[in-house]
Amino acid sequence: MQRHLISAADLTRDDAVLILDTAEEMARVADRPIKKLPTLRGRTVVNLFFEDSTRTRISFEAAEKRLSADVINFTAKGSSVSKGESLKDTAQTLEAMGVDAVVIRHGASGAPYRLATSGWIDAAVINAGDGTHQHPTQALLDAFTMRRRLVGRDAGLGQDLAGRRITLVGDILHSRVARSNVDLLHTLGAEVTLVAPPTLVPVGVESWPCEVSYDLDSTLSKSDAVMLLRVQRERMNAAFFPTEREYSRRYGLDGDRMAKMPEHAIVMHPGPMVRGMEITAEVADSERCTAIEQVTNGVSIRMAVLYLLLGGNEPAVTHTRTEEK
Amino acid sequence: MSKILIRGAKVLGGEPQDVLIDGSEIAAVGSGLSAEGAEVVEADGKVLLPGLVDLHTHLREPGREDSETVLTGTRAAASGGYTAVFAMANTFPVADTAGVVEQVYRLGQEHGYCDVQPIGAVTVGLEGKKLAELGAMHESAAGVTVFSDDGKCVDDAVIMRRALEYVKAFGGVVAQHAQEPRLTEGAQMNEGVVSAELGLGGWPAVAEESIIARDVLLAEHVGSRVHICHLSTAGSVEIVRWAKSRGIDVTAEVTPHHLLLTDELVRSYNPVYKVNPPLRTERDVMALREALADGTIDIVATDHAPHPHEDKDCEWAAAAMGMVGLETALSVVQQTMVETGLLDWAGVADRMSFRPAGIGRAQGHGRPVSAGEPANLTLVDTAYRGAVDPAGFASRSRNTPYEGRELPGRVTHTWLRGRATLVDGKLA
Ligand SMILES: [Zn+2]
């Protein structure tokens with residue numbers, strides 16, 4: 001039986017809470033002198049990266065190694081991947097090598113879903129980011145960070161994020177992080193507001209379980225967490241917004257804006273941070289900014305996901321959406 | 001001369017009658033016709049239609065014979081009940097000269113399964129910059145009357161205007177693939193609720209509608225006729241309806257897949273559903289059915305677009321756009337239009353034979369089923385029900401969205417000028 005993690009929308013509330021709780025256990029391993037568990041000894045995990053992302057790859061690699069898995073890194077960048085069949089070919093090559101799990105990053109939305117459902121491969125598939133679609137482990141590590149900060153490390157065990165108000169600011173249209181977070185935070189009971197210029201909000205957003213606002217200032221005082229998303233400068237040339245300065249003036253988070261947030265509220269960023277446009281140095285370096293913790297938490301979350309998909313006895317992570325279609 | 005008596009067929013869905021074919025023509029239509037000297041085809045309960053005419057087929061030859069050839073494509077056409085297909089110009093080389101269109105035309109005549117009417121490119125190399133030799137293509141043996149850069153939009157308003165004006169000299173028509181290029185950069189599927197969720201680049205309805213609006217106004221201004229290829233949105237229907245009410249000489253086509261399938265299917269990320277224009281919403285589908293029924297949309301055209309397996313067995317973004325359609329078109333129309341009560345069989349004959357032949361000026365096709373007319377005929381077993389099995393397709397490519405889906409109706413016989421090309425569901 002295959003078990004995959006393709007989309008944050010595939011997770012039930014209980015699945016997600018189990019992953020967060022398991023990640024707390026994994027985080028304790030990091031505090032030990034020997035940061036390693038034997039759980040995945042003899043299992044082979046491939047990091048299949050068709051798109052460059054050193055941060056995500058290293059995070060997965062660290063998680064895999066802490067669980068004692070054999071790790072193969074396959075970077076398709078530079079090799080000939082212009083033809084679509086290369087995904088299938090590559091997958092089947094890895095399958096022939098007896099791979100147990102594939103962590104895939106791909107520039108095309110849906111590529112991990114195709115990999116998991118096309119019969120090309122038997123291994124478990126973990127989506128490490130596909131096009132502008134999903135990045136479920138990012139959403140999980142974000143939720144983990146929120147739960148730790150807003151509920152508490154031990155008090156949070158078994159808890160979700162019911163009633164917490166989370167604001168996501170920036171390029172929603174092109175963001176797999178936004179899609180994953182909206183799905184997962186909704187499942188965990190949080191109230192999500194997306195804030196962006198209308199050009200960076202997808203047509204069809206009205207079906208998402210969240211609010212949409214074009215006005216950052218009016219949302220700040222009601223936010224328990226404000227998450228800033230990457231806004232690529234090239235969007236400016238494609239007329240998504242007029243100038244960097246104007247974007248920054250309307251949607252950037254600076255000290256004055258941060259002061260309008262409730263005292264307990266945190267500032268989040270998936271990184272890498274572009275200081276100046278979306279976040280000022282003052283905010284990025286403040287106590288309230290969790291960007292560095294998010295990196296640390298990413299390893300714990302990925303350990304938890306790998307453990308539950310490959311090592312856990314119970315099928316902790318379901319894939320209902322895959323089966324329905 | 002060979003005689004064939006088709007006995008007891010519901011001609012255009014009406015009362016059972018006998019139809020006698022003598023040579024290449026229909027000799028008589030009536031009841032109790034003599035079977036003397038004739039081969040008899042018992043058509044009890046089946047519907048007899050004029051041979052279907054497809055104004056929008058991709059035959060891929062020359063250049064992509066691994067997808068389809070004139071031979072395999074016309075065999076697929078005969079299997080689907082077609083006696084004439086219009087072959088789109090986006091081949092390699094592009095059908096933008098008299099030489100290429102004559103080659104395609106002659107291949108169709110040689111193989112003999114179906115008449116092939118080549119469509120000429122509007123612009124050289126489909127590049128949208130310089131008019132192709134439209135007059136030379138018209139005067140060639142192929143007698144081209146329909147011109148299209150299909151696959152691409154003639155987006156330059158001046159080039160479009162000139163093309164519309166120029167073809168008036170010989171009664172031609174420009175068939176527009178309405179797709180505003182800037183609004184559809186990176187487009188992968190219909191822009192809406194599903195694309196927002198899947199994170200696939202959106203192809204907004206307005207990119208089609210804005211070009212149609214422009215082109216009907218251009219056609220009005222220069223007094224030409226324009227044809228809209230594969231119209232796919234409710235908004236496009238409204239524009240064409242308005243244009244017709246204003247007396248503008250516009251015709252439009254809808255594909256079978258846009259009458260049945262919606263963008264919800266893209267949730268599977270299965271590229272078999274990737275097509276251009278993309279599958280739209282339920283609301284669009286319903287508007288298209290109504291427009292076909294009330295005549296706002298004139299015809300059904302397949303946009304038969306064969307692709308080899310490897311071009312579809314990959315991730316969505318890398319996959320080729322298009323679906324095969326010749327062999328399933330009539331079944332889809334039966335399900336979506338006839339069994340819903342929107343069209344009767346006479347209406348189907350109108351939308352799939354009479355009118356497409358009229359728009360394309362196809363000689364000898366789209367004629368009434370009556371004595372003295374060319375014997376281009378299709379016999380349909382409308383009671384048949386069965387799941388679509390692409391393994392049985394005559395088309396060289398199998399990229400059908402209907403694999404395993406149950407569809408009604410089956411073409412059992414096709415006659416091209418009195419010669420059977422399909423007998424009991426098997427190619428002759
Ligand atoms: Zn087209």
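Note that Cβ sites are derived from N, Cα and C of the backbone, with glycine treated the same way.
Feature list (source: TrEMBL):
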type    : residues                                             : note
BINDING : A:R55, A:T56, A:R105, A:H135, A:Q138, A:G271, A:P272 : carbamoyl phosphate binding site
BINDING : A:K83, A:R176, A:R230                                : L-aspartate binding site
DOMAIN  : A:3-147                                              : domain 'Aspartate/ornithine carbamoyltransferase carbamoyl-P binding'
DOMAIN  : A:163-309                                            : domain 'Aspartate/ornithine carbamoyltransferase Asp/Orn-binding'
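Maximum intra-site Cα distance, carbamoyl phosphate binding residues A:R55, A:T56, A:R105, A:H135, A:Q138, A:G271, A:P272: 17 Å. Report note: the carbamoyl phosphate site is defined by A:R55, A:T56, A:R105, A:H135, A:Q138, A:G271, A:P272, and the residues of the same chain whose CB lies within 8 Å of the CB centroid of those residues, excluding them, are A:S53, A:S59, A:G129, A:P270, A:G298. Chain B comes within the C-beta cut-off of under 8 angstroms for none of the binding-site residues A:T56, A:R105, A:H135, A:Q138, A:R230, A:G271. The CA atom of A:R230 (L-aspartate binding site) is located 15 Å away from the CA atom of A:T56 (carbamoyl phosphate binding site). Least crowded of the binding-site residues (A:G271, A:P272), judged by neighbouring Cβ atoms within 10 Å of its own Cβ: A:P272. Taking the Cα atom of each, A:H135 (carbamoyl phosphate binding site) and A:R176 (L-aspartate binding site) are about 6 angstrom apart. A separation of roughly 12 Å, to the nearest angstrom, links the Cα atoms of A:R105 (carbamoyl phosphate binding site) and A:R176 (L-aspartate binding site). Among the listed binding-site residues, namely A:R55, A:R105, A:H135, the Cβ with the most fellow Cβ atoms inside 10 Å is that of A:H135. A:P272 (carbamoyl phosphate binding site) sits 15 Å from A:R176 (L-aspartate binding site), counting Cα to Cα. Taking Cβ-Cβ distances under 8 Å and a sequence gap of 6 or more within the same chain, the neighbours of A:Q138 (carbamoyl phosphate binding site) are A:T56, A:G129, A:R176, A:V177, A:S180, A:N181, A:P270, A:G298. Fewest other C-beta atoms within 10 angstroms, among the binding-site residues A:R176, A:R230, are seen around A:R230.
In the three-state DSSP reading, A:R105 (carbamoyl phosphate binding site) counts as strand. Under DSSP, the residues of the domain 'Aspartate/ornithine carbamoyltransferase Asp/Orn-binding' (A:163-309) split into helix, strand and coil as follows: 62 helix, 24 strand, 61 coil.
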